[in-house]
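Peer 1: This is the feature table in Swiss-Prot:
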TRANSMEM  12-32  transmembrane segment
TRANSMEM  42-62  transmembrane segment
TRANSMEM  69-89  transmembrane segment
TRANSMEM  102-122  transmembrane segment
TRANSMEM  178-198  transmembrane segment
TRANSMEM  211-231  transmembrane segment
TRANSMEM  257-277  transmembrane segment
TRANSMEM  288-308  transmembrane segment
TRANSMEM  320-340  transmembrane segment
């Protein structure tokens, strides 16, 4: 859908994917066999990836680089806080009479509410499509049928869309070293988060003896770190803009990379901290507090890398980010598959040191 947003506008592909994601929750909630649940979980994951893939291009349409940095900070924070909070709330819902099915119904209800609000509030921002609609309106009002937009001059056929635009994210990914290297780093960082989602229950529930719900509450420290990271990245962007303006220069994409160094160091420190304090013989508080530098590191890395790609590709950012989303989602989905065996074989401390 990322390439589709560069042909048909941002809004239509965005909400088409969104509606399909919401509808995919119904078979999950009502399914009585594993294949049904797994198939529609997969489809839900595919359709939900449309939103983050298109959001980058949407923000690039109407925000200046300085404003974009703050907006991306908020967006990136929500995409990371959501899974962390979801790991906690899902444990609460599992204790209800409906069990795991309640998580699907909750997702659907929240999706409907936020989707309706978003459809009403969010405008179309992709300039070629806005121009095309404006030209169509003027033709109707003036009866001057010669009025047309740039998009009208070279309409995209279905065949051209399937052969050129649909393959664009993959072709960009394999042909552009910057995009490929950034995608590898983003994907590995994203995978670490989902490995930690498995590590926390193992460490706090199985090893420290916490309850199912209490064992997920330490994830709130990661949420706190994510919020701190968002503030730091926003402050860094605004400070850099002021310094550049004072010297008569403009913000360049490479300026986004400097805070990533801080984020990488923070993530490494947090993982070491978490591993070294994971022994049940040690108070849980040091291990809980390790989530703060982990959250800061993950937030700053993912946020600044996303802002960097948006700055480079601007109107083509949706296609670039779509390729990144494919790899990132595959890594985030496959890492937890081997996590239980890894933690069982090596223990939390050694396993976290290995991935660090």
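Cβ from N, Cα, C; glycine included.
Quantities reported herein were computed from a predicted structural model and do not represent experimental measurements.
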Peer 1: Can at least 3 Cβ pairs under 8 A be found between the transmembrane segment (102-122) and the transmembrane segment (12-32), with each pair 6 or more apart in sequence?
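Peer 2: These two segments touch.
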Peer 1: Would you kindly list the residues that approach the transmembrane segment (42-62) from elsewhere in its chain, counting only those six or more residues past its ends and only Cβ-Cβ distances under 8 Å?
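Peer 2: Hits for the transmembrane segment (42-62): 1-2, 5-6, 10, 13-14, 16-18, 20-21, 24-25, 28, 68, 71-72, 75, 79, 122, 125-127, 306, 309-310, 313-318, 320-322, 325-326, 329, 333.
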